[in-house]
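**Q** Summarising the annotation, TrEMBL assigns domain 'YjeF N-terminal' to 14-211. Marked as (6S)-NADPHX binding site by TrEMBL: 60-64, 125-131, D154, A256, H378, D446. Per TrEMBL, K(+) binding site is recorded for N61, D121, S157. According to TrEMBL, the domain 'YjeF C-terminal' annotation covers 221-500. If you look up TrEMBL, you'll see K416, G417, P418, D419, T420, G445 marked as AMP binding site.
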Amino acid sequence: MEETREVLLSTMEMGEADRLTIEAGLQGRQLMEAAGQSIARIILEKLNPGRTLVLCGPGNNGGDGFVVARALKENGWPVTVTLMGTKDRLKGDARLMADLWDGEIQPLAEEGLGDYDIIVDGLFGAGLDRPLEGALLDIVRAANDSNARKVAIDVPSGLSGDSGLVLGGCLEADLTVTFFRRKPGHLLYPGKALCGDLYVTDIGISGRVLDEIGAQTWLNSPAVWGELFPVPSPAGHKYSRGHSVVVSGDLAHTGASRLAAGAALRIGSGLVSVACAPEAVPAHAAQLTAVMIRSYQSPEQFADYLADHRLNAWCIGPANGVTNETRNRVLAILAAGKQAVLDADAITVFRDRPEELFAAIGSDDRKNMSREVVLTPHAGEFGRLFPDLMEGTYGFDRLKGARTAAERSGAVLLLKGPDTVVVSPDGRAVIMDDAPADLATAGSGDVLSGLVTGLLAQGMPAFEAASAAVWLHAEAARVFGAGLTAEDISPSLPTVLEKLREKLH
Ligand SMILES: NC(=O)C1=CN([C@@H]2O[C@H](COP(=O)(O)OP(=O)(O)OC[C@H]3O[C@@H](n4cnc5c(N)ncnc54)[C@H](O)[C@@H]3O)[C@@H](O)[C@H]2O)[C@@H](O)CC1
Ligand SMILES: Nc1ncnc2c1ncn2[C@@H]1O[C@H](COP(=O)(O)OP(=O)(O)O)[C@@H](O)[C@H]1O
Ligand SMILES: [K+]
């Protein structure tokens, strides 16, 4: 595939990229000059000339601000520069750029912030290390209240580039320009919404530094998992494409399992069965055709199904009920060494004893068989298994939380939301960007679980299967467009799959 994966760099990794580039011979001030010039170029291209205020902070983000101010002034724009603190306290390249600014430098103040057409935010970037407070917070709020177009350098001030969380308060940018590669905070909410339109510019850092940095976070795209995506083999048969089983809820709660089963079939699982109690059979039978029905009366009968090695990927949880039966079935599926997708009630049912679940996932038997498990919580379900990971000072750090959760549980963690994150216990992570909000509809999560299950059944490794499912789910919703209901997702998949195949070959 010609497409390469888009790596997302943490603040530390970006610092490393800068360091390696400087070590290789480029000077820090050249990087800063390139950074500032690239922002000015975008401003000149995207915005109409107007009264411009540049807010400069005490670090290199402020240094970039001085470069932007100079470049815009050279283009004839009326530019005012304000600085937090005094020039003599600036260091290194930032001091150098401040010296190259030949205009006045005013002290940073709230007054007059409403008088500009454009505000360039060079207060804090990667160096933000504490919340915005006091006068600074007032200034950022006044900027937000003004009618000016706001341009953030690297990240809007107050936003963590690592988590997308806000520290105290944050500039609400119309446009953000970052350098070399995007950062997770540009994709994770609320960060994504606070960045406005995002631009990534080349400031002379070579992509080769990435080999040395070894970052583990990527944009979710076929470039990450495409090579492992299952395509039916010409000589294959349905049995070689796996057999998915979805555990149904009781008679009044059968729909979720049908949505998941339909998705598993559509994504290419050779066979799909719904496993249900006898009283639910008529409800399923009235609606299912290609999907088979397996009823079980007792735990022993359920165990019989588990003993069949052909039934290789199991999905349990959607509308299953938070009951002892659900808990016992989850444990039985794990003990049988099945690949499994645990969703909804299969997660909630372990809220009082998550360790029991983690022990079952991480048992030596399962490890020896390399059988993988995918947990697919939304934030609420995540909090039931990992309450401590939701209690960050600045809110729930989804990426970090999911990483720790994957490591702790031994499962691939698929954390749902507008910025769905998938993390492998080995630390690899992908973040989905721009999933249509139409997906926030009843049953759409059930479809997603079915997609993961169907890919596991076909032999795709769990991290890649979960990532691919999230991407396909979003793309199918995009193809369908407005008015989406969960039932529409699977029927929209063929168009997406067709395009994907063209891309993969
Ligand atoms: N490292 C490099 O070589 C390059 C860095 N660049 C720019 O440099 C930025 C990072 O620069 P720095 O590491 O100097 O960090 P910043 O300029 O983002 O901020 C660091 C300064 O802000 C203070 N600070 C942090 N949070 C604060 C808060 N809440 N309230 C008050 N003060 C606070 C710190 O004490 C420190 O003095 C990047 O975001 C980018 O804009 C670019 O020039 C490209 C090259
Ligand atoms: N604002 C949003 N933008 C994009 N996708 C969203 C948004 N909100 C939710 N989703 C997605 O919709 C699905 C909802 O799943 P879930 O919460 O399990 O709902 P349900 O249980 O009704 O199926 C998930 O895939 C989630 O990532
Ligand atoms: K900034």
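Note: Cβ is positioned from N, Cα and C throughout, glycine not excepted.
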**Q** Filter the binding-site residues D121, H378, P418, T420 down to those with CB closer than 6 A to an atom of ligand 2; keep them in sequence order.
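**A** Among D121, H378, P418, T420, near ligand 2: H378, P418, T420.
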**Q** Output: those binding-site residues from N61, D121, L128, G417 whose CB lies less than 6 Å from an atom of ligand 1, in sequence order; none if no residue fits.
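**A** Cβ < 6 Å from ligand 1, in sequence order: N61, L128.
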**Q** Could you state the whole-number distance in Å separating the C-alpha atoms of T420 (AMP binding site) and R130 ((6S)-NADPHX binding site)?
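**A** About 27 Å separate the Cα atoms of these two residues.
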**Q** For A126 ((6S)-NADPHX binding site), which DSSP three-state class applies?
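**A** The residue in question, A126 ((6S)-NADPHX binding site), is coil (DSSP, three-state).
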**Q** Cβ-Cβ under 8 Å from H378 ((6S)-NADPHX binding site), same chain, 6 or more residues apart: which ones?
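**A** Looking at Cβ-Cβ distances below 8 Å from H378 ((6S)-NADPHX binding site), excluding near sequence neighbours, one finds L415, K416, G417, G445.
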**Q** Under 6 Å from ligand 3 by C-beta, which of these binding-site residues make it: N61, G62, D64, D121, S157, K416? Sequence order, please.
**A** N61, D121, S157
**Q** List only the single closest residue to G62 ((6S)-NADPHX binding site), chosen from the binding-site residues D121, S157, P418, D419 by CA-CA distance.
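**A** Of all the candidates listed, D121 is nearest in space.
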**Q** So if I draw a 10 Å sphere around the Cβ of D154 ((6S)-NADPHX binding site), how many other Cβ atoms end up inside it?
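**A** A 10 Å sphere around the Cβ of D154 ((6S)-NADPHX binding site) contains 27 other Cβ atoms.
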**Q** Sorted by position, what residues of the same chain at least six away from S157 (K(+) binding site) have a C-beta under 8 A from it?
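**A** Looking at Cβ-Cβ distances below 8 Å from S157 (K(+) binding site), excluding near sequence neighbours, one finds L55, G57, N61, D121, L123, F124, G125, L128, L132, V140, C170, L171.
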**Q** Using the alpha carbons only, what distance in Å do you get between N60 ((6S)-NADPHX binding site) and D419 (AMP binding site) once rounded?
**A** 29
